[in-house]
Amino acid sequence: MTTPLAAVERPRLILGSASPRRLDLLAQIGILPDQVRQADIDETPLKGELPDRYVRRIAREKAMALDSGMDDVLLCADTTVAVGRRILGKPASRAEAGDFMRLMSGRRHRVLTAVVIRHGDKLRDRLVETTVRMRPITAAELDAYLDVGDWEGKAGGYAIQGAAAAFIPWIQGSFSSVVGLPLAETAAMLASCGITRKEVRP
Ligand SMILES: Cc1cn([C@H]2C[C@H](O)[C@@H](COP(=O)(O)OP(=O)(O)OP(=O)(O)O)O2)c(=O)[nH]c1=O
C-alpha cells in the first residue's frame, strides 16, 4: 500500500537586504526570495568595538529590525573590512575611499561577513572570515580606480567582483563572502530551514 505524500509547504523566504549583490548571489545557487526588504539601522561601530563583534551585532540588528511571520525565514547579512582592529565600513566620500585603499595597499586585510537567519523565534548566525591581499597600488592607479566609482556602497571602498580585482592577487577563504554572502554556509543554513534551490513560488 502506498501512502500519498502530503504537499509540504516550505517557509517563505524574506531577504532583509538592499544589496543587489546578495540577491544575485542567492540566484546563483538557485534561491529566489519571496520578498526583499531593507533594514534601516545605524551602522556606526561602538567605541572600541572589535570587527568580529561589530559585524555580528549589525547583522543581528538588521534581522531584529524587520518583522516576519512565525513561519517565515528571514535572511540578513553584514559585510565589513577589518585592517587589524580597525573597521572599514562603506566610505562616505571618494576621499575616504582613497584613504581606505591606501591603508590596504600592499598588505593583507580581513573581510568579515555575518549571516543571520531568523526562523520563528529562533535566531542563528554564522561568521565567515576571508583574508585578502592587495598588491601595492600607485597613486595614478588609485585615481583611475576611484574614477570608476566602484567604491560607493562597498565595505572598505572596493568590490572584488569589479575593477579592484586587478589589485588582488590572492585570497584565502570565501569569494562569495567577500562579495556579500558566503554561499556554502548560507545554503546550509537555509537548507536546515527547509529552503533549497529552485523553489520558486508561482
Ligand atoms: C569588500 C566588498 C564588499 N562588497 C559589498 C557587499 C555589501 O553589499 C557591502 C557592505 O555593506 P553591507 O552593510 O553589508 O550591505 P548593504 O548596505 O549593501 O546592504 P544591506 O545592509 O541592506 O544588506 O559591500 C562588495 O560588493 N564587494 C566587495 O569586494
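Every residue, even glycine, has its Cβ placed from backbone N, Cα and C.
Sequence annotations record features per position, and here TrEMBL assigns active site, proton acceptor to ASP78. Residues or ranges marked as site 'Important for substrate specificity' in TrEMBL: ARG21, THR79, GLN161.
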Original post:
Between ASP78 (active site, proton acceptor) and GLN161 (site 'Important for substrate specificity'), what is the CA-CA distance rounded to a whole number of Å?
Top reply: 17
Original post:
Over all shown protein chains, what is the count of other CB atoms within 10 A of the CB belonging to GLN161 (site 'Important for substrate specificity')?
Top reply: 17
Subject >> Between ARG21 (site 'Important for substrate specificity') and THR79 (site 'Important for substrate specificity'), the C-alpha gap once rounded to whole angstrom >> reply: 11
**OP:** Taking the Cβ of ASP78 (active site, proton acceptor) as the centre, count every other Cβ atom within 10 Å, in any protein chain shown.
**Re:** 29
Subject >> Integer Cα-Cα distance in angstrom, THR79 (site 'Important for substrate specificity') to GLN161 (site 'Important for substrate specificity') >> reply: 14
